[in-house]
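Database features, via TrEMBL:
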- A:33-54: transmembrane segment (TRANSMEM)
- A:74-100: transmembrane segment (TRANSMEM)
- A:107-128: transmembrane segment (TRANSMEM)
- A:148-176: transmembrane segment (TRANSMEM)
- A:188-209: transmembrane segment (TRANSMEM)
- A:229-248: transmembrane segment (TRANSMEM)
- A:268-290: transmembrane segment (TRANSMEM)
- A:310-329: transmembrane segment (TRANSMEM)
- A:336-353: transmembrane segment (TRANSMEM)
- A:386-407: transmembrane segment (TRANSMEM)
Amino acid sequence: MNRELSAPGQGRHWLSYPKFLVRSLAVATDGPFAFYAWMTVLTAVALVGANAWANQVTQGMITTGMTDHVSWGLYIANFTFMVGVAAGGVMMVIPAYLYHDETMHDVVILGELLAISAIIMCLLFVTVDLGRPDRFWHLIPGVGKFNFPVSMLTWDVIVLNVYLLLNLHVCGYLLYMKFLGQAPSPRWYVPFVLLSIVWAISIHTVTAFLYCGLGGRPLWNSALLAPRFLASAFVSGPAFIILTMLALRKFAGLSLPSGPIRTLVRIIRIVILINLLMLVSEIFTEFYAGGAHTASARYLFLGLHGFHGLVPWMWTAVCANLLAAFLFLHHSVLRSSLVLVAACVFAFVGIWIEKGMGLIIPGFIPSALHEIVEYSPSLIEWKVSAGIWAFGLMVFTIALKIALPVLAGRTEDLLPAASGPAQETGRVGS
Amino acid sequence: MMFRRSVTIILGILSGVVLAIWPTITDSTNSPTEAEPDLSVVRERPATFPITVRYPTPSPGVATGIVDVNGRAITVACEVCHSMIAEPPSPEALGLANLKDFHRGLVFEHGNLTCQSCHDPGDARSFRLANGTPVEPWDVIDLCSQCHGPQRKDFDHGAHGGMSGYWDLSRGPRTRNACTACHSPHAPKPGEVRPTFKPIDRFLTGSDPDHPTPRKDADHE
Amino acid sequence: MSETSGPTGGPGDRRPGAAGPTDPSRRNALKGLGATLGAAAFVTAISPLRNLARTTSPEELMQKHYKELDSEEKRAILRRLEEETKLEYGAEARIRDHAAIPGTKFAYAINLSLCNGNGKCVEACHKENNHDRATNQSYIRVLEMPIGTMDMGRGNTTYDHDVPAKGKFYMPVQCQQCDEPPCTDVCPVQATWKEDDGIVVVDYNWCIGCRYCEAACPYHARRFNWRKPEVPAEEVNPEQGLLSNRIRPQGVVEKCHFCLHRTREGRLPACLEACSTGARVFGNILDPESEIRWILENKRVFVLKEELGTKPSFFYFFDK
């Protein structure tokens with residue numbers, strides 16, 4: 001590798017960087033009819049969500065299904081899950097950078113782009129959950145009154161934003177270097193990639209600490225929560241990446257190597273069992289020890305005093321997770337993409353429920369005074385959540401569009417017409 | 001050199017984090033000292049405002065059921081009849097069954113007391129303590145305290161009978177209730193009341209079809 | 001392909017229509033059209049926010065944290081809030097900022113043998129604190145519990161029969177004004193804190209409405225304003241405190257503040273005055289002559305959920 005900084009002089013950067021952005025935008029917005037149709041649908045859903053949110057802010061959160069008893073709902077459930085998806089991308093980074101898996105290295109940018117989109121979704125899910133989004137500036141360190149380090153939420157604000165910046169920097173730098181037609185300098189991204197590995201663990205650990213630090217909520221108040229979060233994240237993240245790669249193969253006609261998929265499946269095979277093991281030990285402790293602290297778990301799995309709003313959700317999650325584990329462990333998962341897709345979808349859905357509706361909601365049921373008030377999301381909540389998902393997918397699609405030429409080895413797409421020679425390798429970084 | 005600079009920045013941030021946490025770690029171990037109260041301020045303040053006890057109006061008399069031209073109920077003082085009775089009823093025989101005239105129908109549920117446990121048979125309008133000491137008709141607290149010592153003790157310390165006004169007597173007065181404000185002397189056990197006010201939480205009212213009224217199992221098992 | 005004049009962003013970067021034409025300038029024009037349409041649709045989608053912008057003044061939006069206000073700024077805020085109360089509720093209010101009395105730490109005790117569950121305290125709180133009328137909102141919940149257990153799981157707050165019922169006791173629960181409050185720790189913006197006299201307060205103009213405190217509170221003491229509270233003008237309690245019972249804005253958290261607009265003037269809290277059984281005892285725990293001190297020294301008191309280490313300033317006891 002070139003030991004000198006390969007970036008050109010400062011004077012040229014502020015000219016070429018805007019050009020790079022414009023070029024990226026052009027690449028990102030060019031595509032076949034199917035692409036425009038996809039983006040149109042996502043835009044429409046996102047707009048429905050934006051409208052629902054505007055109504056929620058104006059009329060008050062009375063429009064949601066939340067109450068003083070169940071004061072967090074679908075938004076925080078989705079937030080928790082998406083932090084996991086963001087952290088899950090690191091399961092590509094670790095093989096690529098720590099174990100020097102060359103084929104993984106070629107596609108690792110997928111995981112980083114997924115992290116970016118997922119973190120943006122996380123930030124949006126937190127924002128729509130605020131009763132006073134107009135006072136968002138109170139959260140800005142230095143400007144507002146940032147209750148750091150006492151409030152775990154401030155830790156979460158920090159780790160999520162830094163993780164976003166880390167991934168934006170790494171992806172942006174590598175693509176920019178492709179645009180310039182230069183070899184990226186490891187100094188400029190490898191330390192950040194290594195930091196992002198630690199950071200990925202931290203975002204989900206801190207998110208778990210949000211809940212498990214609350215003594216008044218027995219269901220959450222478990223030291224196992226952070227490890228469980230990480231384990232489920234390292235299933236849901238890779239599962240989504242596998243689905244993305246399969247979709248890119250099928251719809252974008254990319255010939256992606258199957259090595260990374262095999263590696264991810266091998267990772268999922270182990271982690272999904274660890275996740276189930278931890279779920280089982282959590283359930284055992286809750287039920288065998290018994291007492292009043294079991295009430296939430298009892299409500300979640302069996303129903304309590306005639307209320308069982310979450311029982312179908314949770315058993316769906318358990319079944320989906322077991323089915324996913326079975327499919328992933330079965331040898332056919334590596335031969336049949338249908339089985340693989342099914343395994344990934346089951347794992348994704350199972351964990352979405354397990355960490356969202358199956359964890360956040362029952363933490364509030366029964367309430368602190370042991371009253372049972374059930375929760376089901378209102379239409380507005382579904383609309384806003386769907387809107388954020390659509391927006392996240394839009395971000396992910398656009399990011400992929402910019403990175404696609406790199407993945408496909410067609411880096412010339414990114415190059416300005418008159419710029420330097422195209423790279424002979426399709427690999428991002430090395 | 002850019003790389004070195006960014007490493008410095010990261011180190012700076014990390015040490016900033018450690019420095020920021022440090023005070024809270026040390027804080028929690030030292031916290032007992034900061035709870036030392038400053039009592040001087042409390043002691044210096046003299047209690048200046050009075051505590052008023054709302055006693056019953058003395059000797060209300062007996063309602064006749066007649067109203068005067070102004071619509072006020074006409075009552076008859078106890079002495080009107082009791083001064084004319086030649087022979088006071090014997091203390092042993094005095095029970096609900098012996099009551100005459102408008103005393104009849106009186107609900108009396110107060111342990112195994114008799115009328116003369118409190119009413120002075122010699123002086124119809126006043127009461128007496130168990131040792132025979134006469135008590136002014138309004139002075140119910142002393143009368144009740146003969147048996148209800150613990151309640152009296154609680155009352156004297158503000159833990160029975162309720163109050164309104166000022167907790168801080170250096171700033172304003174306080175009003176207390178005498179026993180009979182809440183307890184009928186003849187049937188002192190407070191009756192059942194309808195709870196005045198219930199929360200109408202959303203979804204606790206059952207108006208939302210998605211959220212049926214919750215039910216608690218307090219009544220079974 | 002040309003790199004000039006790309007579309008100018010916005011989430012609506014899409015091009016409606018059929019298969020892409022190959023002419024780059026036409027393609028760019030269509031992209032621009034798509035972006036414009038998308039942006040316009042976005043503006044329409046979030047247009048309900050305009051209503052909110054009309055009712056939120058710039059002063060309110062930019063108001064500083066309570067602890068950073070000087071007396072001049074506080075005065076201006078109090079006047080502004082009074083005007084808002086007049087404008088939005090049609091009621092004259094006198095809003096003041098009450099400072100903690102030096103040498104005071106408030107504590108509360110409830111005699112569960114006396115409490116008969118009549119709900120007078122709940123009602124008094126509702127009226128005193130200008131709570132939303134439609135929901136009967138109140139900072140107090142009374143649990144009806146079977147005698148012989150302290151398991152709140154067997155309690156019931158929605159009992160609607162004559163009280164006291166046979167075999168039941170009644171346990172009012174409100175903010176326990178913990179010495180180690182989990183709710184203030186979790187607040188990301190320091191919008192809630194414990195004052196020198198032990199009262200945990202909320203700056204209603206600083207709270208961002210994340211409801212983390214509501215999740216952290218083990219006593220269900222906090223309430224969120226799911227919508228703007230509705231109080232008829234003639235029912236508004238005009239004696240108001242900045243950190244206590246002034247009418248709260250939509251979207252913020254509130255809680256029991258021991259009626260600090262009364263208690264910091266030496267008066268008793270509204271729930272205590274309303275209690276017809278005398279079960280409630282309130283006072284300054286630092287004053288050895290106070291009623292509350294006598295309770296703590298002479299009754300076997302207990303606190304709720306002691307195992308959580310929240311150290312409540314709210315005590316319960318039984319006489320018999």
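Every residue gets a Cβ built from N, Cα and C, even glycine.
Just so you know, TrEMBL annotations are computer predictions that nobody has curated.
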Look at every Cβ pair spanning the transmembrane segment (A:229-248) and the transmembrane segment (A:148-176), keep those 6 or more apart in sequence, and say whether at least 3 of them are under 8 Å.
no
Leading stretch by Cβ pairs under 8 Å, where the reference is the transmembrane segment (A:268-290) and the options are A:74-100, A:107-128, A:188-209, A:310-329, A:336-353:
A:310-329
Dominant neighbour of the transmembrane segment (A:310-329) in A:74-100, A:107-128, A:148-176, A:336-353, by Cβ pairs under 8 Å:
A:336-353
For the transmembrane segment (A:336-353), distant same-chain residues with Cβ under 8 A (at least six beyond the ends):
81, 84, 232, 235-236, 239-240, 242-243, 246, 261, 265, 268, 272, 275, 313-314, 316-321, 323-324, 327-328, 330
